[in-house]
Amino acid sequence: MTGLAPLLDPGAAAGADERLSPRSAARRLLGRPELGAVVGAVAVFVFFAVAADPFLHWSSFGTVLYASSTIGIMAVPVALLMIGGEFDLSAGVMVTSSALISSMFSYQMTADTWVGVGVSLLVTLAFGAFNGIMLVRTKLPSFIITLGTFLMLTGLNLGLTKLISGTVATKSIGDMEGFPAARDVFASHWTIGSVDLQVTIAWWLGLVAVATWVLLRTRAGNWIFAAGGNAEAARAVGVPVARTKVGLYMAVAFCAWISGQHLLFSFDVVQSGEGVGNEFLYIIAAVIGGCLMTGGYGSAIGSAVGAFIFGMTSKGIVYAQWNPDWFKFFLGAMLLLATLLNAWVRRRAEATA
Amino acid sequence: MTGLAPLLDPGAAAGADERLSPRSAARRLLGRPELGAVVGAVAVFVFFAVAADPFLHWSSFGTVLYASSTIGIMAVPVALLMIGGEFDLSAGVMVTSSALISSMFSYQMTADTWVGVGVSLLVTLAFGAFNGIMLVRTKLPSFIITLGTFLMLTGLNLGLTKLISGTVATKSIGDMEGFPAARDVFASHWTIGSVDLQVTIAWWLGLVAVATWVLLRTRAGNWIFAAGGNAEAARAVGVPVARTKVGLYMAVAFCAWISGQHLLFSFDVVQSGEGVGNEFLYIIAAVIGGCLMTGGYGSAIGSAVGAFIFGMTSKGIVYAQWNPDWFKFFLGAMLLLATLLNAWVRRRAEATA
Amino acid sequence: MTTPHTLGKDAPQPGTPLVALTGVAKSYGNVRALRGVSLEVHAGQITCVLGDNGAGKSTLIKIIAGLHPHDAGTYAVDGEEVRHSSPRQALDRGIATVYQDLAVVPLMPVWRNFFLGSEPTKGRGPLRRLDVAAMRATTREALARMGIDLRDVDQPIGTLSGGERQCVAIARAVHFGAKVLVLDEPTAALGVKQSGMVLKYVAAARDAGLGVVLITHNPHHAYLVGDRFVLLKRGTMSGSHLKEAITLDALTREMAGGSELDELTHELSRTPAVTEPADGADPETRA
Amino acid sequence: MTTPHTLGKDAPQPGTPLVALTGVAKSYGNVRALRGVSLEVHAGQITCVLGDNGAGKSTLIKIIAGLHPHDAGTYAVDGEEVRHSSPRQALDRGIATVYQDLAVVPLMPVWRNFFLGSEPTKGRGPLRRLDVAAMRATTREALARMGIDLRDVDQPIGTLSGGERQCVAIARAVHFGAKVLVLDEPTAALGVKQSGMVLKYVAAARDAGLGVVLITHNPHHAYLVGDRFVLLKRGTMSGSHLKEAITLDALTREMAGGSELDELTHELSRTPAVTEPADGADPETRA
Amino acid sequence: GCSSTGGKRAEDRAKRLAANGSAVNTPHWTFAMVTHSGAGDTFWDIVQSGAKQAAAKDNIKFVYSSSDQGDQQAQLVQAAIDSHVDGLVVTLAKPDALKAVVAKAVSAGIPVITINSGAAQSRQFGALTHIGQDETIAGNAVGEELNTRGKKHALCVLHEQGNVGLEQRCAGAKEKFTGQMDNLYVNGTNMPDVLSAIQAKLQSDPGIDSVVTLGAPFADTAAKAKQQAGSKAEIDTFDLNAQVAASLKNGTIGFAVDQQPYLQGYEAIDLLWLYRYNNDTLGGGQPVLTGPQIVTKDDADALLSYAKRGTR
Ligand SMILES: Nc1ncnc2c1ncn2[C@@H]1O[C@H](COP(=O)(O)OP(=O)(O)OP(=O)(O)O)[C@@H](O)[C@H]1O
Ligand SMILES: Nc1ncnc2c1ncn2[C@@H]1O[C@H](COP(=O)(O)OP(=O)(O)OP(=O)(O)O)[C@@H](O)[C@H]1O
Ligand SMILES: [Mg+2]
Ligand SMILES: [Mg+2]
């Protein structure tokens with residue numbers, strides 16, 4: 001080390017570098033991906049606070065948070081997956097599958113609901129592993145693979161439910177053993193003052209925290225960024241890209257399991273046809289939150305902000321009591337504006353930082 | 001030239017190169033992207049020919065071709081767009097918008113239907129231009145931009161139709177001037193023997209031919225591949241990337257207009273809620289046909305083969321009279337298998353070619 | 001496009017540089033990559049830009065090529081001040097560039113890459129189409145003349161070796177360079193023979209009256225063909241010399257920032273001066 | 001991992017090459033990139049692989065690094081025959097590689113790229129986490145020692161200059177190279193000073209007992225540090241020499257395929273030998 | 001160029017619009033309606049028309065929202081509670097999903113009326129009354145009508161997979177139908193797909209003698225498919241619209257089952273108003289049935305004009 005030190009450029013040791021313009025802490029903050037999205041979220045919040053009277057009630061806040069959390073729980077792993085460079089179109093129906101399996105297993109086997117919950121976890125993780133292994137084995141685009149699983153799960157949900165229950169919905173398991181305990185875990189809520197806070201909010205925040213930790217502070221996180229940013233290069237320096245991707249699909253499956261159990265234990269009965277199309281809400285939340293569609297960039301917190309923007313917008317339009325025929329129009333316009341604002345803020349921050 | 005010739009490696013001028021293994025013409029053919037998909041198509045065809053008796057009737061062939069063509073017409077520009085590195089989630093509803101505009105304009109203005117058709121063309125192209133210009137101006141991902149347009153168009157379709165017609169569908173324009181002529185162009189059919197061939201099949205094949213010509217033999221085609229393969233590099237060597245992308249979105253709009261007019265003139269009345277979700281069918285067709293999700297690779301013929309595989313599969317399951325509850329399951333499994341076969345064939349062809 | 005239309009000037013004066021940058025600056029966000037750099041490119045001369053890694057050479061090139069607009073200073077082509085907002089404009093003014101990262105589209109065939117952005121066509125109206133045969137032939141030829149004997153101009157350029165790709169980019173720029181040829185480390189990935197060919201091309205371009213900007217880390221190459229040398233250091237200009245005014249040794253010394261290659265040669269043939277084990281720093285210094 | 005467990009051999013015999021390739025071949029589809037190439041890497045020696053562009057040097061490297069499996073021939077590490085199915089296996093056997101296309105993830109910060117695939121952690125169980133401070137410090141240091149003074153190890157590596165990126169890749173390989181160091185044109189994008197530093201590192205690695213494979217197009221560099229020279233031509237071996245057996249001039253001549261740099265120098269200082277105008281072939285020869 | 005036939009002008013010429021204002025001076029209450037409908041559904045469009053008509057008459061602010069996903073529908077009801085609406089109309093197609101939130105509304109003192117589906121649960125959840133009837137009953141009516149028409153092999157076309165209401169319609173028809181009944185799933189947002197799928201089904205099974213579509217817009221398409229497939233099947237449908245009325249008249253469609261959606265919307269709002277204004281309930285809280293009514297060629301003339309203005 002010492003032998004080489006004199007070769008160092010003299011300017012190097014000095015802290016400040018003349019090649020850098022000074023940059024304030026506030027500006028640094030604005031440069032972060034997720035904090036760009038926060039500006040969008042604040043704008044949407046202020047907008048609806050003005051445009052919709054009931055939006056500012058505490059009880060509405062609980063509703064908006066709940067709506068955001070149901071999307072947000074899935075948006076977290078979907079964001080990780082997108083950072084890892086892949087898609088999962090089966091995420092939406094997998095939630096329903098997970099709920100159906102849990103419910104039907106418990107009912108048909110007359111087992112304790114916890115047994116059903118456990119079986120559902122295993123099967124759902126197997127779905128995730130199937131997605132991942134197919135992807136890395138066949139090297140087909142994830143769009144195709146998960147589209148296949150999406151269609152197959154949709155068919156399975158309906159076909160099996162009708163085969164077993166005779167209708168498109170499951171039988172009630174509300175009177176079975178273990179149901180109340182499982183409901184406490186997956187579908188309870190606390191009332192604080194006039195606000196009704198669902199347990200999904202806690203799940204959501206917990207998942208965001210864990211995912212952020214994993215992304216930024218663990219080897220797995222490093223590998224996720226690398227797998228999405230440049231899979232070939234990552235493989236060349238020894239990153240287990242295939243294993244990372246399979247893991248990501250299983251993370252999606254795990255969160256689908258949580259969401260599915262919430263669905264089951266809050267409504268007791270599961271409709272087999274639901275969940276189709278929700279995969280796009282998750283992707284939307286992740287993209288609004290700053291994830292790149294092409295992989296290699298994004299954050300879990302961003303996905304949470306994205307889910308929150310989506311939740312606020314979709315419920316805010318209802319609170320504002322605008323003409324429901326135009327609901328989608330307003331939703332599209334608001335999302336576009338929020339993302340534009342976010343991008344604009346970020347670009348400003350970068351240019352002048 | 002002559003002065004440098006001696007510097008050339010002696011082996012260069014000779015036709016055969018010792019560094020190449022010999023490669024038969026058949027193998028070369030198999031290496032082409034679209035011809036890999038053809039194998040998948042043949043397999044699906046043979047499968048249903050065996051599994052479903054009515055599948056081989058000539059009249060069924062007409063039905064399958066019609067189903068394929070309605071997807072195929074849109075799959076062509078969607079494939080070009082994907083080669084150019086972008087998505088269009090608004091493609092599905094844009095078809096409906098185009099039909100609605102045409103119908104409502106003619107009706108409300110009591111104008112000749114051709115006037116409505118013309119106005120619809122202009123407005124639809126404007127939608128496409130909006131998508132493209134927003135994309136190149138804001139530099140947001142196309143997923144977000146076209147998701148915004150998708151939602152807004154969905155809202156507009158419903159909102160405007162209800163505002164103008166009072167119901168969720170348009171009024172009939174079947175008794176208006178110009179209708180029969182327009183129907184001949186967009187929604188006629190010929191009966192050849194027992195086969196009923198819809199005019200959409202001709203539109204489809206025509207579009208595939210034009211798109212193939214553009215892709216392989218024009219400057220615009222070169223630019224499309226370059227814009228999708230490496231937009232920065234393309235810009236650096238002087239390719240008008242922004243203009244190319246706007247053009248691609250307008251091509252999608254143009255085909256949406258054709259499909260929309262077909263919808264209007266074959267069903268006379270347009271339901272404002274139609275078209276949602278069809279954008280994915282187009283993308284599916286393009287991807288099955290070998291387009292890369294990441295851009296820079298694919299073909300128009302491939303998209304046609306993809307549409308045909310999709311059409312055969314979805315109708316073949318009906319002809320086979322399998323349990324309809326499992327329809328989606330079979331659809332997913334067949335698509336996955338066809339794509340797997342296609343990928344496998346291609347890989348074999350490349351490895352041994 | 002080639003005749004400037006500035007008021008008061010009818011044609012570039014003899015001696016007017018083809019390209020003149022004065023006090024140019026460029027920042028990427030808060031990174032100041034370039035400050036106060038001036039440079040002239042004259043017809044029939046080769047201007048070499050030299051400097052350490054990260055000195056800002058490629059940034060300078062990108063400004064000339066129109067890939068980035070400059071933040072400050074002036075940029076004149078044929079005496080007329082310009083501000084390119086796209087590389088197309090620079091190309092249309094006859095400035096062709098080889099970028100360090102090559103600017104190729106990996107999945108496209110070699111011949112399509114070669115002509116990308118300036119495709120020759122034949123036919124008319126709706127029948128206007130690429131002149132594919134000519135494109136293929138020209139590509140093969142241009143590369144063969146550079147000493148690259150391609151098996152197949154139809155293979156995706158991404159499957160070529162690094163040096164082969166480099167040669168395609170150079171051949172392309174040489175083919176399209178009308179007035180100014182800008183080359184960012186063209187010989188970096190090239191073999192001895194290919195390097196020689198490229199330098200020959202550069203010299204030929206100069207002799208044909210083009211202005212050439214050449215970036216290289218090889219002082220031998222630079223001294224061999226260069227007429228003037230611009231030295232960059234940490235984003236600023238640290239010197240500008242005519243060939244007459246500097247020797248190869250002095251140039252090498254300036255490029256190496258004081259340490260000399262000869263000294264290094266000496267050092268390397270002895271027992272090692274570096275006492276460090278190759279697998280990294282000792283644990284204490286780590287954190 | 002470092003001790004081989006082949007039957008009948010307890011430890012690598014002195015003189016057993018660290019890496020030995022015999023008659024290796026590799027095809028990409030119908031392109032035969034490599035045929036019948038043999039090569040030995042000994043501890044404390046530098047093996048230079050030389051050859052024209054497209055000769056197959058990088059392909060050879062990729063086989064050693066485990067990125068591609070070989071189609072024919074044998075590949076032995078410490079005398080034990082291996083068949084790597086992923087670069088991880090080669091890394092675990094102590095073979096670290098600098099790829100020509102660098103293998104970096106553009107959007108990731110420099111320090112994350114530096115340690116990618118071999119991240120140091122601290123803590124235990126669920127609290128096991130990246131040792132971020134150490135990673136940052138080590139990166140900065142390792143680069144500084146190479147003469148690269150980075151403003152910010154947190155900037156995405158894609159925003160570094162070509163040479164800076166090259167240095168990160170080299171510093172990484174040097175840091176992790178346990179037994180064999182494989183370098184594919186490491187000095188191609190580097191300045192005079194940085195090239196010198198890299199050669200010093202290579203020499204230091206050799207002296208620390210590592211086996212080194214060095215690919216370069218610069219005969220001066222090769223001759224300066226190399227112990228044995230393997231020459232590739234169009235995918236086959238065209239020669240293999242020990243340093244004692246060849247002079248710099250002969251090496252240069254072999255690398256240039258007969259034509260000589262001196263001759264070129266001569267030619268370039270005269271009026272041009274190339275009669276062609278720089279903008280391309282004449283119309284007749286085109287199609 | 002202008003068309004001398006049809007179009008808006010023709011409609012205007014025929015139209016006599018009576019200006020209507022509210023007839024009462026009660027406060028401007030807000031009533032919300034939350035249904036399980038997808039966007040742009042014709043049936044629910046007519047329900048809304050009825051509700052709006054009643055709202056205009058009763059000086060009510062009418063707010064409509066809908067989602068075809070159970071949990072979303074529950075969230076929309078919650079949003080209505082958060083907004084402190086003065087009355088609530090919900091559909092109980094997925095009763096379990098709405099159970100908790102309806103109870104919440106009731107305990108918040110919001111009067112609730114259920115419409116369309118949920119006759120069985122309405123009372124139990126604490127609603128004032130139920131208007132309309134189960135899709136199953138409508139389905140039963142179709143099954144019986146098919147029997148009387150002597151059909152042997154029917155096809156039930158579901159335009160959305162996994163939709164409870166549609167499944168109930170088919171299941172109800174199957175229950176009473178003595179012949180064989182097949183289901184066919186089509187993609188309702190893709191009319192060409194509906195056309196080709198029905199066509200394929202008719203081609204593969206020439207024995208089918210009746211096709212039942214579950215929504216008015218699909219009846220015409222089914223008729224088209226029948227013609228192109230050269231089938232002799234009779235086309236029947238649930239719900240009405242102008243095309244169905246016209247087709248009934250010219251005999252392309254055999255019969256249609258009407259649940260009088262207009263009435264469901266109108267009555268729900270009107271009864272809520274009556275309850276708030278006068279604490280009235282109808283029939284002691286027993287379900288009020290709005291159908292099913294089988295309409296055929298004979299009723300077509302009268303229905304056509306109503307269907308055209310969107311109230312039948
Ligand atoms: N993935 C691939 N597919 C097809 N051909 C390839 C592929 N990679 C390399 N080749 C071909 O194999 C040959 C050897 O390539 P390689 O990269 O090993 O050359 P190299 O000796 O490293 O050249 P350079 O000095 O230019 O880097 C080249 O002719 C190249 O075109
Ligand atoms: N897009 C960018 N964003 C931020 N910083 C950048 C960007 N591009 C270059 N830089 C920085 O600007 C400085 C100059 O870069 P440039 O590429 O011009 O150097 P160079 O002289 O070409 O070096 P080399 O010889 O290594 O190619 C470098 O320190 C680099 O880190
Ligand atoms: Mg550079
Ligand atoms: Mg190489």
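Note: Cβ is positioned from N, Cα and C throughout, glycine not excepted.
Given the structure is predicted, the values throughout are model-derived calculations rather than measurements.
Residues annotated as transmembrane segment in TrEMBL: A:35-52, A:64-82, A:113-136, A:143-160, A:197-216, A:280-297, A:326-345.
Against the transmembrane segment (A:35-52), stretch A:280-297 shows more Cβ pairs under 8 Å than any other of A:64-82, A:143-160, A:197-216, A:280-297.
If you look at the transmembrane segment (A:197-216), the same-chain residues 6 or more away from its ends with a CB under 8 A from one of its CBs are 62, 65-66, 68-70, 72-73, 76-77, 79-80, 83, 184-191, 224-225, 255, 258, 262, 299-301, 303-304, 307.
Within its own chain, the transmembrane segment (A:326-345) is flanked in space by residues 30, 36-37, 39-41, 43-44, 47, 284, 287-288, 290, 309-310, 313-314, 316-317, which lie at least six positions past its ends and keep a Cβ under 8 Å from the stretch.
Same-chain residues lying 6+ beyond the ends of the transmembrane segment (A:113-136) with a Cβ under 8 Å from its Cβ atoms: 86, 88, 90, 94, 97-99, 101-107, 142, 145-146, 149, 153, 173, 176-179, 181-182, 241-242, 245-254, 256-257, 260-261.
Tertiary neighbourhood of the transmembrane segment (A:280-297): same-chain residues 33-34, 36-37, 40, 71-72, 74-75, 78-79, 82-87, 91-92, 225-230, 303-307, 309-310, 335, 338-339, 342, 346, selected by CB-CB distance under 8 Å and a gap of 6+ residues from either end.
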